[in-house]
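What Swiss-Prot records for Asp10 is active site, nucleophile. Residues or ranges marked as active site, proton donor by Swiss-Prot: Asp12. The Mg(2+) binding site annotation in Swiss-Prot covers Asp10, Asp12, Asp166 and is backed by similarity to another entry. Annotated substrate binding site per Swiss-Prot: Glu19, Arg55, Ser98, Gly99, Lys143, Asn169, in sequence order, evidence recorded as similarity to another entry.
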Amino acid sequence: MAAKGLLVMDVDSTLIEEEVIDLLGEKAGMGDKISEITAAAMSGEIDFKESLRERVALLSGLPTTIFDDVYKEIHLTKGATGLIETLHAKGWKVGLVSGGFHEIVDKIARDLKIDYVFANRLSVENGHLTGKTHGTVVDKDFKVDRLKQWANENKLNLSEVIAVGDGANDIPMLNTAGIGIAFCAKPAVKAAVSYHIDKRNLLTVLEFVDKLADKE
């Protein structure tokens, strides 16, 4: 059955309350340093790719068993499950495209029955993080490409896509979708995007689903 619409979401501080790399940083004893770089990247003060390299380098030596510990500390944003279940019932597809890590995002996607997911992957040797990423880096341009690909796979126009995110890395994706929503976002993001949600309840996105239906 053809999809009725597509929702593409960021993960850290959007679908979930936390920034996973900050939680990993705490485990590495680098919490304050990594959180500082994350904040600068999300507000657009520094380049995302460079910030990712800097932060991942600080995780070098962590055992891969740390992912299970971090996953237990993650909280879905209020309304996340209800939003996704409602959209699936309406015939929509849901995709996650994250500057975070497959090692965590895949588990979230599985639990929520997400249709599509793409994130960064951390390089591992002998059961420990090397301090580098492996494969394609999910940056702002990649997020746009993935949104377009998923829309195309479902024979949807971009006008039938909603995107939700909170960081500077999300701005091009938000402006590519028919409706792009800055979710509890940094000022620079809100200034660049037409639609905003300022309360941490993802069920509010359903109001924009109705708005999209009204456009048709």
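Glycine is no exception: its Cβ is also placed from the backbone N, Cα and C atoms.
Swiss-Prot feature annotations superimposed on the structure.
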residue: Asp10; record: active site, nucleophile; DSSP class: coil
residue: Glu19; record: substrate binding site; DSSP class: coil
residue: Arg55; record: substrate binding site; DSSP class: helix
residue: Ser98; record: substrate binding site; DSSP class: strand
residue: Lys143; record: substrate binding site; DSSP class: helix
residue: Asp166; record: Mg(2+) binding site; DSSP class: coil
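All chains included, 22 other C-beta atoms sit within 10 angstroms of the C-beta of Asp166 (Mg(2+) binding site). The recorded positions under consideration are Asp10, Glu19. Their Cβ neighbour counts within 10 Å are lowest for Glu19. Distance between Cα atoms for Asp166 (Mg(2+) binding site) and the residue listed as 'active site, nucleophile': 8 Å, as a whole number.
Sequence-distant neighbours of the residue listed as 'active site, proton donor': residues of the same chain at least 6 apart with a C-beta under 8 Å from its C-beta are Glu18, Glu19, Val20, Ile21, Ser98, Gly99, Gly100, Gly167. Put simply, Asp10 (active site, nucleophile) is 9 Å from Lys143 (substrate binding site) when counted between their Cα atoms. Residue density at Asn169 (substrate binding site): 27 other Cβ atoms are found within 10 A of its Cβ, drawing on all protein chains shown.
Of the recorded residues, Asp10 (active site, nucleophile) and Asn169 (substrate binding site) place their C-alpha atoms 9 Å from one another. Annotation for Arg55 (substrate binding site): spatial neighbours Ile21, Gly25, Ile34, Ile37, Thr38, criterion Cβ-Cβ under 8 Å with sequence separation of six or more. One way to see the shell of the Mg(2+) site is to take the Cβ centroid of Asp10, Asp12, Asp166; the remaining same-chain residues with a Cβ within 8 Å of it are Met9, Val11, Ser13, Thr14, Leu15, Glu19, Met42, Ser98, Gly99, Gly165, Gly167, Asp170, Phe183. The most densely surrounded of the binding-site residues Ser98, Gly99, Lys143 is Gly99 (count of other Cβ atoms within 10 A of its Cβ).
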